[in-house]
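Structure record follows, encoded as structure tokens.
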Amino acid sequence: MKVLWVALVVALLAGCQADMEGELGSEEPLPPEQPRGQDSQPWEQVLGRLWDYLRWVQTLSDQVQEELLNTQVIQELTVLMEETMKEVKAYREELEGQLAPMAQETQARVSKELQAAQARLGSDMEDLRNRLAQYRSEVQAMLGQSTEELRARMASHLRKLRKRLLRDADDLKKRLAVYQAGASEGAERSVSAIRERLRPLVEQGQSRAATLSTQAAQPLLDRAEAWRQKLHGRLEEVGVRAQDRLDKMRQQLEEVRAKVEEQGSQIRLQAEAFQARLRSWFEPLVGDMQRQWAGLVEKVQLALHLSPTSPPSENH
């Protein structure tokens, strides 16, 4: 689930950044891309594809940039975040209801740990959405400048943006690691507390107490397994929806690429036709001017040859 979220967010970043670098010049080279191997994490591979996409977007025209400059990506991310948080909240409430037979102290501790994990997950996703909006706002502010100034600033901004993306990805990786460790630690503490409370009943040596503890523990294990399977199914459902949306966005980007290529071909054909038209206009004019100049030179040379070379003699 965590790796899927990272891949989703980085791919969405690529969609948001597509409206940034339409008219970049070639004054300064982009930072070198780090090598990506088959053993790298999925989110690292997606981040590499993002940088490849940024390089491709440099060739887009202003019109295509304006078409891509909208809030659809952030809205899609917001809807997916809200759906996921609803699923997590529903599961937490159901789990708290199932924990009612437990001791009050154990129930309060488990509920508190579940709420903390939910809050951390919501905070991480909200932070990612805020970063997307921040990147988009910065680029919108830069697009109001002149073309030459925008070219100069965007070359430097790309390098800084790559560093920020790498830093954000590393920060998200650390947050997910902390969240996973915290969830594992909380679950281990809960199981340990339940085990400690059940151990005195088992150690009493009375057959009736052992039977009762076994009968009480088995339904709890069955319900825990049912919860695990239900949560696994919900997470798979969320993952499928996220993958479908990624596929849809990838298809839209392919359509934009095809549209850009088609427009580029039309522009080239129009430029060639205009060049041929200019040539047909100016070539006769240049030829006529050359002929007139040659005639003028010839007349001047003839006039020079016909002029007298000595003064007339005086009459005595």
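All positions are counted from 1 along the displayed chain.
Here the Cβ of each residue, glycine as well, is placed from N, Cα and C on the backbone.
Of all ranges given (17-29, 56-68, 277-289), Swiss-Prot attaches the label region 'Specificity for association with VLDL' to 277-289. According to Swiss-Prot, the feature region 'LDL and other lipoprotein receptors binding' maps to residues 157-167, out of the candidate ranges 36-46, 157-167.
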